[in-house]
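So that you can see what the record holds, here are the features copied from Swiss-Prot:
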DISULFID  Cys29-Cys77  disulfide bond
DISULFID  Cys43-Cys92  disulfide bond
DISULFID  Cys46-Cys130  disulfide bond
DISULFID  Cys54-Cys108  disulfide bond
DISULFID  Cys58-Cys110  disulfide bond
DISULFID  Cys113-Cys120  disulfide bond
CARBOHYD  Asn33  N-linked glycosylation site
CARBOHYD  Asn50  N-linked glycosylation site
SIGNAL    1-20  signal peptide
Amino acid sequence: MEMLQGLLLWLLLSMGGARASREPLRPLCRPINATLAAEKEACPVCITVNTSICAGYCPTMMRVLQAALLPLPQVVCTYHEVRFDSIQLPGCLPGVDPVVSFPVALSCRCGPCHRSTSDCGGPKDHPLTCDHPQLPGLLFL
């Protein structure tokens, strides 16, 4: 009976692992299209910008006995290669730099989140919000 249970367990684990590796349940870390809001305090408008950002699932591990060992570092989906594009906001006050730069993800990877260059927080309630009126019909890439 134990041999039959062991064989059944082996069969379930081997089939489940093969299926999971071919068809991930969640999309893996990759560049996706996104719309960002670009505005400055001394400029009267907000412009939406189409760009690519990094998003998706990164495999992580957690220790079973957390009190006994140090926690494992957790990874996030972050930029591997990135370039910065710029747009110029219209109607800014004199002396205010009207240029706003935004990231364009060329490739992504799973790695540690560096707070100096990335927003390491979770999902935002309102990712596209503007304090100033939104300029209609202008989308930049």
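Placed from the backbone N, Cα and C atoms, the Cβ positions cover glycine too.
Here the features listed in Swiss-Prot are painted onto the structure.
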| residue | record | contacts (Cβ under 8 Å, 6+ apart) |
| --- | --- | --- |
| Cys29 | disulfide bond | Cys54, Ala55, Gly56, Tyr57, Cys58, Cys77, Cys108, Arg109, Cys110 |
| Asn33 | N-linked glycosylation site | Asn50, Thr51, Ser52 |
| Cys92 | disulfide bond | Lys40, Ala42, Cys43, Pro44, Pro98 |
| Cys130 | disulfide bond | Ala37, Glu39, Cys46 |
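Taking all protein chains in view, 17 other C-beta atoms sit within 10 angstroms of the C-beta of Cys58 (disulfide bond). Burial estimate for the disulfide-bonded residues (Cys108, Cys110, Cys113): highest at Cys108, by number of other CB atoms within 10 Å. Taking the Cβ of Cys77 (disulfide bond) as centre and 10 Å as the limit, one finds 23 other Cβ atoms among all the protein chains shown. Under the DSSP three-state reduction, Asn50 (N-linked glycosylation site) is assigned to strand. Its Cβ placed at the centre, Cys46 (disulfide bond) has 18 other Cβ atoms within 10 Å.
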